[in-house]
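Read the structure below first, then the notes.
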Amino acid sequence: MSDNLWALARAFIITVVFMPFLIKFLKQSKEQAVIRKLGPDHQSKAGTPSMGGLLFVLAAAISAFIGGAAYHGMSGVVAMIIPVFALVAYAIIGGIDDALKLINHADDGFAFKPKLLAQTLSAVVIMLIMWLLGVPFTLYIPMIGTINLGLFYFVFLWFWLVGWSNATNLTDGLDGLLAGNSVVVYAAYTVIAMHMHNHIIVLFNFSIIGGLLGFLIFNRPKAKIFMGDTGSLALGAGLAIESILLGVPFSLIWFGLIFVIETLSVIIQTVGYHFWHKRIFPMAPIHHSFEKFGWSEWQIDLLFWIVSSILAVAGIFYMN
């Protein structure tokens with residue numbers, strides 16, 4: 001357990017120590033978030049730096065590799081490549097998205113097709129690494145069993161990575177909301193990984209949780225910095241790949257139900273407006289609807305965190 005706590009501490013310390021410097025640098029370079037004018041009044045947040053995910057992702061990656069090398073040798077470093085690559089690759093995609101938004105001073109960054117291409121290429125590389133490391137292309141489906149997908153495994157891998165990275169991206173709309181929920185979901189998978197004796201995923205998760213806890217010090221309401229797409233895409237990709245590596249991908253639908261609800265609210269809102277020219281919710285993603293009802297960011301955060309925690313505890317008891 002001590003090696004895991006050291007992993008958490010390393011990522012936490014790196015994030016807490018260097019985040020003030022990143023905030024100062026981003027403010028001086030005027031790399032600040034562009035706040036959408038639609039929906040709840042968030043214009044008071046204009047000028048808040050974005051791309052905070054850059055630091056906690058980097059801190060988590062460094063801590064994870066150090067932990068893998070220190071306690072498992074070269075085999076630990078090699079095994080850590082898959083989850084860390086997924087985390088970093090999608091952070092880079094999100095970083096490009098954030099950078100383009102800042103350069104263009106607009107809410108739209110990476111165009112849809114280039115962004116999807118980048119996500120697809122990342123999935124190809126991840127699958128290639130998995131093949132080189134001998135990870136079986138099998139999928140466990142509840143009530144059916146384990147099936148060998150062969151090359152069709154790529155389709156599932158791509159869908160899972162793109163789907164969950166975008167789901168967490170949609171959830172990142174309030175100070176502390178995604179970071180707090182991600183801590184809970186990663187903690188749940190840490191318990192699952194411990195039960196499966198998967199020490200690599202445990203180390204990886206402790207590293208991410210450490211980085212996120214450090215980030216929350218600066219991201220809680222009223223946030224001094226946002227994680228941006230750099231962090232939100234990375235967190236979803238990290239959860240997607242580790243659920244696959246643990247052999248329980250569909251459990252993420254339960255543990256990440258908050259992310260699913262957020263995504264469904266956007267889909268339902270879009271379909272409703274397209275076909276009936278009516279909005280089903282006051283605003284989507286659904287966390288903004290709570291704002292419309294007069295809830296504060298802290299109240300919404302706490303509600304979502306509590307729901308995630310209940311789901312996590314129930315899921316852990318069921319799986320164990």
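Keep in mind that glycine also has a Cβ here, set from the backbone N, Cα and C atoms.
Taken from Swiss-Prot as is:
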{"type": "TRANSMEM", "residues": "5-25", "note": "transmembrane segment"}
{"type": "TRANSMEM", "residues": "51-71", "note": "transmembrane segment"}
{"type": "TRANSMEM", "residues": "76-96", "note": "transmembrane segment"}
{"type": "TRANSMEM", "residues": "124-144", "note": "transmembrane segment"}
{"type": "TRANSMEM", "residues": "145-165", "note": "transmembrane segment"}
{"type": "TRANSMEM", "residues": "176-196", "note": "transmembrane segment"}
{"type": "TRANSMEM", "residues": "198-218", "note": "transmembrane segment"}
{"type": "TRANSMEM", "residues": "233-255", "note": "transmembrane segment"}
{"type": "TRANSMEM", "residues": "298-318", "note": "transmembrane segment"}
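Outside the transmembrane segment (145-165), and at least 6 residues removed from its termini, the chain residues within Cβ reach (under 8 Å) are 86, 90, 116, 119-120, 122-124, 126-127, 136-139, 232-237, 239-241, 243-244, 249, 252, 256, 259.
Between the transmembrane segment (233-255) and the stretches 5-25, 51-71, 176-196, Cβ pairs under 8 Å are most numerous for 176-196. Tallying C-beta pairs under 8 angstroms between the transmembrane segment (5-25) and each of 51-71, 76-96, 124-144 places 51-71 first.
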